[in-house]
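J.: Got a structure for you, questions after.
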């Protein structure tokens with residue numbers, strides 16, 4: 001089944017659809033149907049993670065659509081991520097194989113280190129966010145440098161075609177590049193008009209690393225969203241641009257990233273929104289509108305992971 005999309009090319013020559021389907025916060029019982037609708041709509045890039053707790057349902061949906069003949073495995077581009085308690089090199093392959101088992105596939109197209117920080121080392125049956133008696137997250141001793149070497153072995157063993165990182169800043173990426181024999185192809189970060197990641201994108205462009213924008217719509221269902229947080233989808237300036245093109249605010253936000261050359265992974269479990277979020281191929285934003293959206297940047301984050309996981313001071317990519 002043919003699908004409309006544009007593709008980026010990674011530094012290893014692999015191509016990837018620029019518009020994907022996010023699955024973070026998609027609840028069990030909802031995500032399977034959402035992924036089936038997404039495949040029927042034309043999505044072929046699916047962003048997953050063991051931490052999200054829904055890879056088994058995603059695998060069920062994918063396999064149903066393969067069985068129906070809607071797609072074959074080679075049509076799909078599936079990303080997953082290595083969680084923070086699994087940074088020790090000797091467990092990386094075991095964890096990936098658990099993801100492959102849940103997704104019911106033989107290889108990933110892209111595997112990312114989910115966060116640069118390590119939590120207390122654990123196994124597949126341990127809590128993903130280990131806490132001490134005071135409720136603070138217990139940090140681990142793992143180094144993402146050592147983890148990266150284990151990630152490279154996954155490529156050599158044919159378990160994933162490409163590897164990359166998520167939530168890494170400039171200095172953390174440079175440390176990876178200093179030791180890498182397999183370069184990261186991708187860095188997935190929060191990115192939207194209030195957090196455009198301009199400097200980080202320029203740095204990644206220099207090193208031929210593609211950015212992926214998560215929470216591109218401002219993460220309206222973010223569990224850590226504060227009542228006072230603004231809603232990008234309801235920003236009057238965004239709504240004005242949307243009206244100009246006769247599009248939804250979400251379509252404008254998605255197209256904004258596509259025209260910047262950034263992969264973008266909006267999430268929804270609502271059929272109409274899943275479909276409309278994919279209908280972005282019949283218009284182009286004028287440069288003046290892109291320039292205006294650029295001015296909205298205020299280093300504004302919606303994913304307040306640092307405060308909500310009780311991290312100690314850590315060099316997040318607040319600047320880049």
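Backbone N, Cα and C atoms are what each Cβ position is placed from, and that goes for glycine too.
Heads up, TrEMBL stuff is auto-annotated, nobody curated it.
Residues or ranges marked as active site, proton donor in TrEMBL: 52. Per TrEMBL, the feature substrate binding site maps to 114. The domain 'NADP-dependent oxidoreductase' annotation in TrEMBL covers 19-295. As annotated by TrEMBL, site 'Lowers pKa of active site Tyr' applies to 81.
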J.: Given the residue listed as 'active site, proton donor' and residue 81 (site 'Lowers pKa of active site Tyr'), what distance in Å do their CA atoms have, once rounded to a whole number?
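T.: Roughly 10 Å, rounded to the nearest whole number.
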J.: For each of 81, 114, count the other CB atoms within 10 A of its CB; which of these recorded positions has the top count?
T.: 81
J.: At the level of the C-alpha atoms, what whole-angstrom distance separates residue 81 (site 'Lowers pKa of active site Tyr') and the residue listed as 'substrate binding site'?
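T.: Residue 81 (site 'Lowers pKa of active site Tyr') to the residue listed as 'substrate binding site', Cα-Cα distance: 5 Å.
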J.: Restricting to the domain 'NADP-dependent oxidoreductase' (19-295), what is the model's mean pLDDT?
T.: 94
J.: How many other Cβ atoms are found within 10 Å of the Cβ atom of the residue listed as 'active site, proton donor', counting all protein chains shown?
T.: 20
